[in-house]
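Quick look at what Swiss-Prot lists:
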type	residues	note
BINDING	18-25, 86-90, 140-143	GTP binding site
DOMAIN	9-280	domain 'tr-type G'
Amino acid sequence: MDSLADQIRRRRTFAIISHPDAGKTTLTEKLLLYGGAIRLAGAVKGRKAARAATSDWMEIEKQRGISVTTSVMQFEYGGCMVNILDTPGHQDFSEDTYRTLEAADSAVMLIDAAKGVEPQTIKLFQVCRMRGIPIFTFVNKLDREGKDPFALMQEIEDVLGMRTCPMNWPVGMGSTFKGVYDRQKGHVELFDNRDHGQTKARVETTGVDDPALSAVLGEDLHRRLVEEIELLDVAGDPWDFDRFRRGDLSPLFWGSALTNFGVQSFLEYFLKLAPAPAPRLAGDRLVDPEEPRFSAFVFKIQANMNPAHRDRIAFMRIVSGRFERGMDVQHVRLGKKVRLSQPQQFMAQDRQIVEEAYAGDIIGVFDPGIFRIGDTLCTGEPVAFEGIPSFSPEHFARVRFKDAMKSKHFRKGLEELTEEGAIQVFYATQPGHPDPILGAVGELQFEVFQHRMRHEYGVEVILDRLPYEVARWVEGEGYQPRRFWGTDHMAVTDRDGRNVLLFRNEWTMRYVVEQNPGLIFRATAQAR
């Protein structure tokens with residue numbers, strides 16, 4: 001049996017980040033295909049027989065064809081245990097993605113070859129930078145016409161301030177995309193796939209100097225490939241593992257997730273280069289993954305993964321030690337012991353009971369209403385990992401329900417969806433305004449909230465938009481909410497009773513901040 005250290009060192013836990021429609025869910029499906037977790041990929045849009053993507057499991061996701069929650073998937077490949085966190089690409093759900101990146105040891109940045117570095121990619125890249133996690137880059141959709149590969153490399157450096165080292169190089173693009181040249185192995189991988197990417201691509205390998213290659217590629221494409229390889233060898237950044245681990249250099253891969261071209265070689269290089277679980281700060285000390293004592297933190301709560309049972313699952317990232325089914329752990333925030341008797345691991349909504357898990361793994365446990373995002377669980381010496389912040393919403397609305405008989409269902413739905421981080425809720429301090437106020441990073445969150453209240457809790461809700469765009473958490477002894485009862489701002493409290501001010505715009509917010517030097521205004525709130 002493998003030792004604790006051996007089990008932990010073979011874990012690879014990563015998140016995929018991208019702008020919407022860069023192909024993130026498709027890439028996730030194809031990694032699962034190559035990992036043997038699924039036999040037939042189903043994320044091929046536009047095909048009548050296409051199955052719903054494995055990672056897009058919520059009803060609204062299937063209807064809209066977008067990911068709005070984080071899916072957690074695990075498979076074993078090449079001696080490694082791989083945990084994929086497939087995050088929402090839509091900008092309205094970036095807060096869920098921020099939380100998920102707290103649970104990842106590395107990230108795969110997916111870029112559309114035709115569109116280059118897009119706004120949401122920039123935001124998520126910056127979060128990875130702040131966390132100091134290594135970043136892999138996968139340029140996708142080479143089966144379509146896109147930007148020149150050298151121009152894309154320059155764009156990544158100019159926009160993100162990060163150099164790249166191509167581990168492979170595309171052979172053609174669009175209709176002439178034939179495969180990739182593996183710079184480490186020195187051979188060309190030619191792809192053949194006749195079933196729309198539903199099964200693994202067939203691969204033939206040959207040397208770049210093979211005379212037969214000209215017959216396959218055509219003389220012009222073959223000559224251009226040789227010239228580009230020579231240019232890369234002279235002018236490109238050499239591979240440097242230390243620079244990669246510091247986040248200064250990103251290994252760059254080219255391919256097409258839709259057709260599976262380049263996916264397997266990317267997966268194999270990823271497992272070779274990606275870091276095993278890293279230590280995490282708890283107060284004034286680092287908790288090492290190989291410490292024998294179990295510790296974990298909750299980064300996501302998902303209600304109604306099985307609507308028939310109205311269940312709620314708390315997802316936790318194991319930071320150290322070994323987890324065993326049925327073990328008693330300390331719930332640090334509540335200061336009490338809890339038993340984790342039904343731990344589960346997931347393939348999107350499909351689940352199985354897990355008997356044991358190790359640092360780096362993601363497990364889900366039944367939540368009877370005692371967990372919050374950011375909670376720490378541990379055995380032995382109590383530790384408390386840093387909380388996961390809430391971000392300032394940019395859209396606000398009062399929420400009320402149509403049917404007075406649904407009051408209990410409304411309160412339950414609002415509480416559960418707030419606790420899982422799907423929406424933020426505030427309460428006006430001014431008398432006469434009893435209805436809760438919802439805060440969202442983007443408009444689509446309101447739509448998802450209404451959809452889930454209707455379908456999961458049986459409540460029709462009405463949203464009345466409010467004219468505010470900025471929220472700031474306020475601290476300071478001199479703060480008096482009634483001073484801010486006006487038309488340009490609103491004094492509210494969040495669900496933990498903390499003081500918050502809502503502002504019409506950035507200008508109003510800056511003016512109030514300048515006029516109140518004795519108060520502290522924060523754009524984020526640390527989880528309690």
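Heads up, the Cβ atoms here are built off N, Cα and C, so glycines get one too.
Summarised as a single figure, the pLDDT of the domain 'tr-type G' (9-280) averages 83. Secondary structure at LYS24 (GTP binding site), taken from DSSP and collapsed to helix, strand or coil, is helix. Here the binding-site residues are SER18, ASP21, LYS24, and the one whose Cβ sees the fewest other Cβ atoms within 10 Å is ASP21.
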